[in-house]
Every structure is written in C-alpha cells, then in structure tokens.
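Notes follow once the structure below has been shown.
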Amino acid sequence: MSYLVGRFITEEGKQNFKNYKYVSGEYSSTDLLLNPFWEWTTELFPMWMAPNLITFMGLLAAVLPCMLMLYYDLGKAYLSTSQPLPEYTYLLVAIGTFVYQTLDSVDGKQARRTGSSSPLGQLFDHGCDFVCWVFSIIGVIAFLELGLCFNGVLAIYSTIGPFFFFNLLEYYSGVYHYVVGGIDGTSSQMLVIFLYLLPFIFGANVYQSKISEILPFMPGSLIEGFLLKDAVILIAVYIGVVCSIPLIFKTFSSIKEPYLKLIAALQTIQHLAIYVCLYMVDPTIPFIKENASLVYLLFGMLFALGNFKLIVCHMAKMQFEIVCFELLLFVPYFYFQSHYDGSKQSEDNIKLAFHATFLVMFIIVARFTQTSITQMTQYLGISCFTIENKKKTS
C-alpha cells in the first residue's frame, strides 16, 4: 500500500512506461457499424482539447444521472421496497450512457489526431470505463428492485467480473481483447441503454411483469411465475459466464511458466473472494437493507481499486498483487455484524463501522488514483487534462 505515501510505480516501472505500446484485439461488428459516427464526432472537438478531458466529460454524463438515482434511493430506500424510481431518471441514465459510449470511443481518435497518446490515456480510459459500469449496474439493481441479495451479487459479477478478466488477460498476454464469446463492450452498453429505456417507455413497473403476460404463446410450465426482471438476471449471468470462462482459459493458455500460472490463479481467487465478502453482508439488518446501494458502491470502490492497480501494473510491467490487503478494512464491520442482536447499540455500531469503512475506502481509491496520475504525469512530462504542457516539453 505504498500509494498511501505517494509511491506506487517503481523506478523500473516508470522506465517501462516509455516503451509501452497499446495493442488492441479485434473490433466487434457494432464497433465497425458505429465507427463512421465516432469519426464524425471526433472532428467536432477542437485540436487543443485533451483526450482525457473528453473521457472525463463522458464520465460525468454517465455518472451524474446514476447519482440522481442514488439520491432517490438514499432518500426513499427504493432498492429495498417496491416503490419505483421516477420515470425520467431512466431516460437520463440511458442518454448519459450513450454519451459516455460515444465520447469514450472518441478519446482515442482525438489522441491520435493530436499526437497526445500516452499510457495515462489508457489508465484514464479504462478506469473511467470501470467507474461507469459500476454506477450503471447499481442503477440496474435499483430499477429491478433487487436490494442486497444473491441475484444482486450475480448482477455485479456479470459486469465487473468480465472487466477484471479482460484486464488480467491483457496483463499476461499484452493484448486487450474487445470481443470474447461474441460479446463486446459496445453491444453490452447498448443492452444497458435498452434496459433503461423500457421502464421509461412502458412504466417503472415493467420489470415486475410476468413473462406469461408478455409472451402468452410460451408454454406455461416453463415460465410460470417468471418475471421480466428474472429474465434480465439470467441474461446478465449468461453474459458474465460466457465472457469470463473464455477469458480465464485464454489467460492461462498465454502463460508459459508454471509459477506464473499459480500466481494468476491466486489473483483470480483474490478477485472472487470480494464477491464472497459482498454476499456475507447481512441484508436483514435494517440499516443495510435501507442502504443497499451504498453497500454495492462500497464494494464497487474495492473492485475499482483492484482494476486500477492491474492496469497500472500491466503498463509498468510490475507484479500485480496476489493478496488484497484492503479487504482487512472490512474486519471491523464484520465483527460488529457477527455481534448484531437487534438492539439500538448494535445498530449504531453497524452504522459507525460501515460509514468508517466507506470513508476510508473512498480516501484510499482517491489516493491511489491521485498518486498514479501524479507519478505518470511527472515522469512523462505531460498534463492530465491539457496538451499544452506536452508541446512545451517536446
């Protein structure tokens, strides 16, 4: 945890940044279809605008509507009740996700257009991708009214799991794959946009509809009591499994040394252990039940930290950790949860431990991000949100 004192990237890692070159895999048919639109959009931006600034603008467009959902959730406990979210929030999130998808595809073209490509751009791009996905999936959990449950954990895995394994494969193979099992990021984002538009068009309770009412021609024995939200969960789990399994096999097949295979296995187990911890959070505790979105957001920050580290370690050719020491932050919370007896004192202890863990995790993620960006900009002689500094040093 050297990043807490402003040092994460080693001196050797800094040297490796200068030799780093981004290698991408094949593009999907959806990417190729939208590419002319992205090319046209790129020309709308002035040459002085930094690619990272474009990415950050897209991130704000995606995250702010999701935070509006979070605001309603915290105010009225939407994740824990059957009360639907305001319908306009679905449209805002759908638009924000499309804007982010567009700007996220434009930033790389702007970097090549202005000659400002750098390893920092990849960290910023993939880091913002992850943050956007975390907020988007929390929104999906909100309108499906799942609360904190096993299906919610599956929904989190369906997006975060493949993202981690994409980066782990790149870490060992040196190539970032956009398409695995016929599934790609752009098409997945389109699916998320579609999922948000349905409640906006047909009403907030559309996902509580029975499949038998939507598809009356289907055999009743197969879909009896099956809701539309159950179908969404099945699709999400299918996508997560179809992406994750090939990625894991590709990762291990790209590793030649046996000891590295063991390290990769430990890194995979470390990632999966976080889902176990999330599942261990007791949803019957009133405070947890009413703040399910904060629980998902807390673990989302932990997942984000792991992915940020993995991206930096790949570009700097540093050893990615096999033990997530930040999991120790959850020990006080789980201690108080194990002693919860329903009394006001135990409830207050739960609140204090949770809020303290949330605050410390936020500070840690912010500190790691600040440390990594500062080290990279100082060594490469560039600025995060402007191009001028690079021009002056060249």
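Every residue gets a Cβ built from N, Cα and C, even glycine.
Bear in mind that TrEMBL entries carry predicted annotations, made automatically and left uncurated.
Database features (TrEMBL):
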TRANSMEM  53-72  transmembrane segment
TRANSMEM  190-207  transmembrane segment
TRANSMEM  227-248  transmembrane segment
TRANSMEM  260-281  transmembrane segment
TRANSMEM  293-312  transmembrane segment
TRANSMEM  319-336  transmembrane segment
TRANSMEM  352-369  transmembrane segment
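Proximity of distant same-chain residues to the transmembrane segment (293-312), defined by a Cβ-Cβ separation under 8 Å and at least 6 residues beyond the stretch ends, is recorded for 8-9, 70, 73-74, 79, 122-123, 126-127, 130-131, 134-135, 137-138, 141-142, 148, 152, 156, 160, 163-164, 167-168, 171, 270-271, 274, 277-278, 281, 318, 320-321, 324, 326-327, 354, 357-358, 361-362, 364-365, 368-369, 372. Against the transmembrane segment (352-369), stretch 319-336 shows more Cβ pairs under 8 Å than any other of 227-248, 260-281, 319-336. For the transmembrane segment (260-281), same-chain residues at least 6 beyond its ends with a Cβ under 8 Å from one of its own Cβ atoms are 148, 150, 153, 156-157, 161, 164-165, 168, 172, 248, 251-252, 288, 295-296, 299, 302-303, 306, 320-324, 327, 330, 334, 337.
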